[in-house]
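For reference, the structure discussed in these notes is given below.
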């Protein structure tokens, strides 16, 4: 049984009750969204995961990517990133490790959080194929599905799988060449496999078998966008849309089988094209939850891509995206460090909150009203408690204090709020 099959059968699970309460929603209404596939709860049956809802009519959620690379392998560092994710309000974590003992790293990450954990299994497949055969492109079907099954048994809650990379998608790419080609690692692995062997993508060819594996453990399928644009010039081209059409067809199959599914979206999109991209996805994929990387709205800001992504992410979430994958200042430059994780997470949470306010979500507005009340009362402790980052503003206030404990050092004696407040007392 999965959350979706239960919902279709009229069964209300404890996870549904928990998430509905968190979202301030009637549980029957929420259950109906699960049954239709408009909302997912990524929660493997083999793991005691905190239930988190992702999808329409819910608060916008934020994911943190972390993990090793062949150039930097330090489990302690990754666990510190997990700690930061837990502390500053991530809704999910993806382990994208590609260096070191991948099962051991994943095991430690899972052990140190109760947040939903996602992976991209093709990374481990590629590492295993390289170790066994010497080349990533020599991976085979057995290796692919063995890794997926093993990770499902370990408790992974959702998996990015690039099932929409097909011979037809690769043909669309070849017929409409891009500036930057394929920038998705998983997408590149499978594109290279198709081109070298002249074989169909096993994840697409054996999709029914894949669904059986995922359904057994109630792993949520996150349909990866292997043809996402890697620069603004490549946005919304034929390869991207061809893959999205295929993903829409696969969403239908997932729902028929009772497998929870969400769809991943583009990374580099001009601001004026973001709304159209969200509407295309929601239409082709029949309102499946949409999970976007950014989108990044300019390619000119390496070192500041947490900002470019927050700008794009806000509009994306207002226009239909449900799940924002954070982007850190290290994007396009190097592996993220601990401080990068915090900055990227806070930036994405700002985007999510701004979007939820724009959509009129009651919980988002409740927080905004509480902050306004705290500011009006000069209650600095309450302000910092409500803030998305409770640590930074307190430290900043201590750096340049005001003589008046109610005011801040920008205005001091000339504080507008205090001035009008004093006049009101006379």
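Backbone N, Cα and C atoms are what each Cβ position is placed from, and that goes for glycine too.
Feature list (source: Swiss-Prot):
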type	residues	note
BINDING	65, 94, 123, 162, 184, 185, 186, 225, 226, 227, 228, 264, 291	substrate binding site
BINDING	268, 332	Zn(2+) binding site
BINDING	408, 411, 415	[4Fe-4S] cluster binding site
Which of 411, 415, the listed binding-site residues, has fewest other Cβ atoms within 10 Å: 411
Which of 186, 226, the listed binding-site residues, has fewest other Cβ atoms within 10 Å: 186
For residue 332 (Zn(2+) binding site), the one of 184, 226, 228, 415 that lies nearest, given that the binding-site residues are compared by Cα: 184
Assigned conformation of residue 291 (substrate binding site) - DSSP reduced to three states: strand
Maximal Cα-Cα distance (Å) across residues annotated as binding substrate, namely 65, 94, 123, 162, 184, 185, 186, 225, 226, 227, 228, 264, 291: 20
Candidate nearest residue 186 (substrate binding site) in space, where candidates are the binding-site residues 268, 408, 411 and distance is Cα-Cα: 268
Around the Cβ of residue 268 (Zn(2+) binding site), the count of other Cβ atoms that are within 10 Å: 24
Distance [Cα-Cα, Å, rounded] between residue 228 (substrate binding site) and residue 268 (Zn(2+) binding site): 8
Under 8 Å by Cβ from residue 123 (substrate binding site), counting only residues of that chain that are 6 or more apart: 96, 97, 98, 102, 185, 186
Other C-beta atoms that fall within 10 angstroms of the C-beta of residue 408 ([4Fe-4S] cluster binding site): 17
